[in-house]
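Data block below; observations after.
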Amino acid sequence: MGTRRKASIINSSSAIIGQFLSMVLSFISRTIFIRVLGEQYLGLNGLFTNLLNILSFAELGIGTAIVVSLYKPLNENNIGQVKALMLLYKKCYYAVAVVLVAGGSCVSIFLPKLIAGSYNVGNIYLAFGLYLLNSVLSYLWSYKRSILIANQEGYINSLNQLFFNVIMQVLQIVFLFMFKSYYIYLIIQASFTLLSNLQISRLANRHFSYLTDPVTEKVNPKTLKYLRKNIVGMIASKIGEVIVYGTDNLLLSSFLGLVAVGQYSNYTLIVNGVGSIINQGFSAVTASIGNLRVSGSQERQNEVFFQYSQLVSYVSFFISIAMALFFPSFIQFWVGKRFILSPTLSFLIVFSFFVSSLRYSNLNFMSAYGTYWEMRYKSILEALVNFVISIVLIKYTTWGISAVVIGTLLANLTINAWWEPLIVFQSALTASFKSYIRFYAINLVTGVTIIGIMQYVYQRVQLNLILSGIVCLTISCICLLIFHLITISFAFPKKYSYLSFASVLSKMFHNK
């Protein structure tokens, strides 16, 4: 138990710190990017990101499925099976790289048709080729990150990514000032992706020296059958992920143009950056949950799930209300008043973030328990709901950017909110599913109500950046206490021990 908790704390802390520092540098880099290259290049960068997210469908979730399969052989020190799984992983990722090159080459033919209106961004084919190169390189040698993560040593991966990301972004900033070239910016990005992967491969070989030895076993037939089944499930999951999170900028670019993509991407940089910090922190304990799965009692697993869900809801609420209050002041300070979106759209973005963040407890338990087969239909239906709503609203209404946000929000509320926890409770837990639905519903309604009221009141107050930050932090802490009292009194199952408010604050701010 102590080892598992210690590993969770170390991995979460390093992941959060690393992601936070990377996000700060990203803001600085984005500011300089906008001022040096302009809004259209910013929109082009967002479009390329979405296109590569769609092409990443070729990965099929193989990496996640193999990480889950590594928990048991690592726990049992079954070196033969670990080596066999890593060889399989290597072959799969090299195949993915080849598919990406082929798919990217085909997509590049249609690039001009994916951009509405006129644009002046240089050679889009060369730029896309460099962006594609970075994505392809991300699959070479990176497979060895998985064994560190599965062995509860994810902090090594986090520190590796932080080190190379810091140097990369500093160089990108310097070269943007010197040469004002988008192509050099992308070349630096691809170069450091390669260097990071080579270094993590070397570190993995040092920690697991047997990885350099010849592979003498084949993957256990039972494990192979499990992998095939879950990869089929992951294909459906990947389809859902690609459509839900990989088409927003594509739709905006096709219907509204690159400027709209650029305006929206300023907000999504913040939301995705903060979301990545939360995800890094919560996902870092997935290996420990996987360890609990094979070594802990069923009742303990039930209790840990509800405590984990409690912490997820508190962090999600605190970050959401802080963003809702601080968005206008920060955007104005960062990129200028003309980039501030309407209060309604800002609320929708925060609402969508809050709902998405509440999923982390379910997603990480599903990942730790390997329930990809069970969620195959869910992912496809989620994708259909999201895409149909988004394209209908953006085409037949004047809602603009709000259309794609509402599409994602409604897909989460109508599909994910109940289907994902149902999978967790049917496949992993023995607790009452109804008790969780009550817990989730009260958390959701309470959180959204408080966020909406506070944003409505706060938008009528004009404060400078520093004072706004202080007031936002104070209000967020008070609202978190109110949120805690309501959820503990009416939502948390009486059967299990909940986290005290002091322990929640400790975990949120000190990771202890």
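Placement of Cβ uses the backbone N, Cα and C atoms for every residue, glycine included.
Just so you know, TrEMBL annotations never went through curation; they're auto-generated.
Note that the structure is a prediction, hence the values are computed from the model and not measured.
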Where TrEMBL places transmembrane segment among the ranges 20-38, 400-418: 20-38
Contact yes or no, the transmembrane segment (464-492) and the transmembrane segment (379-397), 3+ Cβ pairs under 8 Å, gap 6+: no
Chain residues in Cβ proximity to the transmembrane segment (20-38) (below 8 Å; excluding those fewer than six residues from its ends, i.e. six or more beyond): 45, 161-162, 165-166, 169-170, 172-173, 176-177, 180, 182, 185, 262, 266, 269, 273-274, 276-277, 334-335
Seg_contact(the transmembrane segment (311-334), the transmembrane segment (340-358)) with at least 3 CB pairs under 8 angstroms, min sep 6: yes
Selection from 92-112, 155-176, 182-200, 379-397, 437-458, the stretch that has most Cβ pairs under 8 A to the transmembrane segment (124-143): 92-112
Close approaches to the transmembrane segment (340-358) from elsewhere in its chain (Cβ under 8 angstroms; 6 or more beyond its ends): 263-264, 267, 271, 274-275, 278, 312-313, 315-317, 319-320, 323-324, 327-328, 331-332, 401-402, 405-406, 408-409, 412-413, 417, 440, 443-444, 447-448, 451-452, 455-456, 459
